[in-house]
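Peer 1: Handing you this structure, nothing more for now.
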Amino acid sequence: MSTQRLRNEDYHDYSSTDVSPEESPSEGLGSFSPGSYQRLGENSSMTWFQTLIHLLKGNIGTGLLGLPLAVKNAGLLLGPLSLLVIGIVAVHCMGILVKCAHHLCRRLNKPFLDYGDTVMYGLECSPSTWVRNHSHWGRRIVDFFLIVTQLGFCCVYFVFLADNFKQVIEAANGTTTNCNNNVTVIPTPTMDSRLYMLSFLPFLVLLSFIRNLRVLSIFSLLANISMFVSLIMIYQFIVQRIPDPSHLPLVAPWKTYPLFFGTAIFAFEGIGVVLPLENKMKDSQKFPLILYLGMAIITVLYISLGSLGYLQFGANIKGSITLNLPNCWLYQSVKLLYSIGIFFTYALQFYVAAEIIIPAIVSRVPEHFELMVDLCVRTAMVCVTCVLAILIPRLDLVISLVGSVSSSALALIIPPLLEVVTYYGEGISPLTVTKDALISILGFVGFVVGTYESLCELIQPSHSDSSTNSTSAFI
């Protein structure tokens with residue numbers, strides 16, 4: 001792998017919610033050059049169906065499993081409606097990013113711009129001299145939030161793995177073949193969930209040492225298969241014998257709504273996968289249709305799982321719906337199967353942050369120390385995600401915090417501002433400016449309030465939510 005310093009012309013965009021190595025260069029960032037991007041129809045093209053599948057892959061992750069709790073935090077009526085609104089706004093922001101990237105590509109005569117490049121060159125269109133002179137900070141800001149997002153995903157994976165394995169092991173003696181009823185189980189106490197996280201640490205460190213995306217693509221395939229099968233089994237259970245929902249609140253207390261926002265925007269933060277997929281699509285003129293179709297499917301999936309999961313388990317819903325599944329071998333296997341998928345996905349999410357941070361560090365050391373420094377930095381980064389997960393061992397709070405801090409910036413705040421600065425000098429209607437300002441304000445309010453409420457809940461958990469929101473609690 002090349003260890004040269006990251007440069008604008010070398011940087012390849014891996015800013016997807018779930019990285020898809022199949023369509024990425026095997027040598028990572030160092031081997032990328034603008035000429036390696038071929039407009040669809042040349043070398044590396046994808047059909048509309050392949051693009052749709054990759055779009056679905058890039059938006060479905062652990063955030064999906066936390067949506068039933070998110071609906072609880074918003075209410076049975078307000079939750080699904082809010083998911084629909086956030087989904088529409090998120091898709092609109094994806095469209096803004098694609099439009100601005102196309103405009104700047106034509107203006108600068110470049111074959112492709114990733115998210116960071118688009119923001120950087122967009123700032124160069126600003127009427128402010130100071131902003132133009134500091135446009136390189138646009139890329140740095142995108143990279144910063146991308147790193148926070150991807151390492152935040154890794155923290156979520158640590159908590160998810162620990163909670164699910166802990167539950168399966170503690171309930172092993174009481175596991176039956178009867179999956180008809182979701183009965184209460186008295187678990188056999190084992191070690192603390194934080195010790196489970198430490199148990200996974202050495203294996204995830206070794207997994208992070210894989211630096212070739214072609215090798216990681218094998219793990220990506222295994223992860224996709226295991227998670228797909230698990231989702232089918234989860235849906236199969238939650239649609240059966242739904243209890244009377246009359247006791248569930250249509251609108252939850254306002255104090256928990258920011259937690260809903262963080263989780264929802266965490267789930268919808270797949271904006272980084274949009275530009276690479278559009279660039280590789282054979283008939284790129286059809287990409288907007290594929291984008292809207294794919295995100296419509298994802299929005300329906302999110303709303304249905306969130307609503308049905310909350311209807312099925314009510315106030316007892318956990319930070320991940322897998323923790324509410326019955327204590328029978330079939331659904332215990334589902335927990336393990338999904339956990340296996342998450343385990344392998346860790347390396348793919350970690351790769352994104354590693355390929356931004358490591359080249360800049362390794363380029364400063366002598367060549368014969370490059371490999372050692374590379375591996376040491378990878379080890380340190382994995383350890384950091386483990387420590388953060390140990391410090392915040394509640395899955396719902398980790399998801400909400402990551403969503404509020406970084407996902408809101410990438411998905412809601414930056415794209416509307418980018419549209420304003422990109423088209424400001426060419427004439428932009430006041431209505432568009434107003435619309436973009438409202439979206440950015442929505443994202444910023446969610447950023448501030450969601451982060452504040454997540455931290456408050458972390459420091460001083462509310463009595464009503466401390467047991468139901470914690471993934472450490474048992475069914």
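Any Cβ shown, glycine's included, is placed from N, Cα and C.
For 1-50, 99-140, 211-214, 278-288, 363-371, 418-438, the entry in Swiss-Prot reads topological domain 'Cytoplasmic', with the evidence type sequence analysis. The feature region 'Disordered' is assigned by Swiss-Prot to 1-32. Annotated compositional bias 'Basic and acidic residues' per Swiss-Prot: 1-15, in sequence order. The transmembrane segment annotation in Swiss-Prot covers 51-71, 78-98, 141-161, 190-210, 215-235, 257-277, 289-309, 342-362, 372-392, 397-417, 439-459. What Swiss-Prot records for 72-77, 162-189, 236-256, 310-341, 393-396, 460-475 is topological domain 'Extracellular', and it gives sequence analysis as the kind of evidence. The disulfide bond annotation in Swiss-Prot covers C179-C328, and the record cites similarity to another entry as its basis.
Show me how these features fit into the shown structure, please.
Peer 2: Distant neighbours of the topological domain 'Extracellular' (72-77): 245, 248-252, 256-257, 259-260, 263, 307, 310-311, 315, 317, 468; these residues of the same chain sit at least 6 beyond its ends, with a Cβ under 8 Å from one of its Cβ atoms.
Counting every protein chain shown, the Cβ of C328 (disulfide bond) has 20 other Cβ atoms within 10 Å.
The list of residues near the transmembrane segment (190-210) in space but at least 6 beyond its ends in sequence, with Cβ under 8 angstroms from a Cβ of it, reads 158-159, 161-163, 165-166, 169-170, 216, 219, 343-344, 346-347, 350, 354, 375, 378-379, 381-383, 386, 389-390, 393, 471-472.
Within the model, the topological domain 'Cytoplasmic' (211-214) carries an average pLDDT of 73.
Panel annotation: around the topological domain 'Extracellular' (236-256), residues 72-79, 179, 305, 308-312, 314-315, 321, 325-326, 331, 453, 462, 465 of the same chain, lying at least six beyond its termini, place a Cβ under 8 Å from a Cβ of the stretch.
In terms of DSSP secondary structure, the topological domain 'Cytoplasmic' (278-288) contains 8 helix, 1 strand, 2 coil.
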Peer 1: Have the transmembrane segment (372-392) and the transmembrane segment (141-161) got at least three CB pairs under 8 Å, pairs 6 or more apart in sequence?
Peer 2: yes
Peer 1: Can the transmembrane segment (289-309) be said to touch the transmembrane segment (397-417) if we require at least 3 CB pairs below 8 Å and skip pairs under 6 apart in sequence?
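Peer 2: No, the transmembrane segment (289-309) does not contact the transmembrane segment (397-417).
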Peer 1: Among 215-235, 342-362, 397-417, point out the range having the most Cβ pairs under 8 angstroms from the transmembrane segment (257-277).
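Peer 2: That would be 397-417.
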Peer 1: Do the transmembrane segment (215-235) and the transmembrane segment (141-161) come close, with at least three CB pairs under 8 A (pairs 6 or more apart in sequence)?
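Peer 2: Contact between the transmembrane segment (215-235) and the transmembrane segment (141-161): absent.
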Peer 1: If we call contact 3 or more Cβ pairs under 8 Å (sequence gap 6 or more), are the transmembrane segment (141-161) and the transmembrane segment (439-459) touching?
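Peer 2: Output no: the transmembrane segment (141-161) is apart from the transmembrane segment (439-459).
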Peer 1: Among 51-71, 78-98, 342-362, which stretch has the most Cβ pairs under 8 Å to the transmembrane segment (397-417)?
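Peer 2: Going through each listed stretch, the top one turns out to be 78-98.
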Peer 1: Are there residues at least six beyond either end of the topological domain 'Cytoplasmic' (418-438) with Cβ under 8 Å to its Cβ atoms? List them, or say none.
Peer 2: 96-97, 99-100, 103-104, 118-119, 122-123, 125-127, 131
